[in-house]
Amino acid sequence: MNRNYSIDYVRGAMAMAILLYHLCSWTIGLPSPESLLGRLGIYGVSIFYVVSGVSLYISYHKKEWSLGNIVHFFAKRFFRLAPAYWIAMMIAVPVILLNSSSFTISSSTYFYNISLLFGIFEPEKYLITGGWSIGNEVVFYLIFPVMISCASRKWIFMVMYAASFYIYLYFAFIEISPDNPLGSQWYTYINPFNQLFFFTSGMMIGWFANNVSYKLTSRESSSMLVVCAALLLIFPFNGGDIGLVTQWNRVLFTVLCVGIVFFAFHVITDVKSIICRVLKFLGDISYTIYILHGAFYSLTNIYIWPRFGIDSANIKLAFYIFGFTPLLMGICYIIFNRIEMPVMRIVKNKSWGIYYGKSGA
């Protein structure tokens, strides 16, 4: 399979939605769960996981998985995530420590965040805004070689997918209570196994496209994509933020998230159009924006606003949308091209003394 730009566009759109969700939360207040931003603030990350599963399946479903190949895979994934995460830590951690005398960070927490292993051992120990999802991704990467190596064995692959679904149902209907606020159950919600089904569903989209003969036109896919997106944004429900992530609402919104990525995967786009170029730009820097926006926000919130004596939430939000966001995008573009991409090229091109099979490296 060739690179699918449509799902990159989805990734970029979700990064911007989560950015706006946080900017609103930090200024005028947490968006209502019934609102567009309130829903995307929760399920935008879920869509990230689905996109990640699709992307990795496309890239690796023909690879041969020797021990050396697995090491190479982990190295590539680690150095895709680590540089921007480390930069965010270098900004956010000193700001926190300098402005909160009661806040301390243990040596184990430093180690977990530098190594990105907190998702495996203590998912709640992330130090960066949105860092919990990166811990989850690392856990998914550990599971991925096992699942993808079974992709050619249909029933084994299906059993593993079904297992992730049953774990997902356990969290949705049993482990997370609809009677308590999401904030009080946050550490349960961010458990990697509560999120795993989104990642495996992305893999299933890739498997389905590669193994099942069906005909779905770009126009049909576009129409269904719009329907899924509209339902995700307007479907009525009760229960506040916890109502978004528990019981049958959880199942419905999950189906819609997976549907968005599934149909986006089948949309053929004009990569030269202006809107596609913008979405590709956002897709390229989506991870960088996602992981760095909280760190740069903390700088402005602590060191800029007190100097000017500005307390208006609306003025702050306007600044963050029209001033901060374009500047952040520019900084992230530089970091992506000058730091992240060179690191990825070095790791990709390094001679690992391994063989990937007929599909190449």
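Yeah, the Cβs are placed from backbone N, Cα and C, and that goes for glycine too.
As written in TrEMBL, here are the features:
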DOMAIN    4-335  domain 'Acyltransferase 3'
TRANSMEM  9-28  transmembrane segment
TRANSMEM  40-60  transmembrane segment
TRANSMEM  81-106  transmembrane segment
TRANSMEM  126-148  transmembrane segment
TRANSMEM  155-174  transmembrane segment
TRANSMEM  186-209  transmembrane segment
TRANSMEM  221-239  transmembrane segment
TRANSMEM  251-269  transmembrane segment
TRANSMEM  281-305  transmembrane segment
TRANSMEM  317-336  transmembrane segment
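Taking residue pairs at least 6 apart in sequence, the transmembrane segment (281-305) and the transmembrane segment (9-28) share three or more C-beta contacts under 8 angstroms. A contact links the transmembrane segment (186-209) to the transmembrane segment (155-174), because at least 3 Cβ pairs that are 6 or more residues apart lie under 8 A.
Confidence across the domain 'Acyltransferase 3' (4-335), taken as the mean pLDDT and rounded to a whole number, stands at 94.
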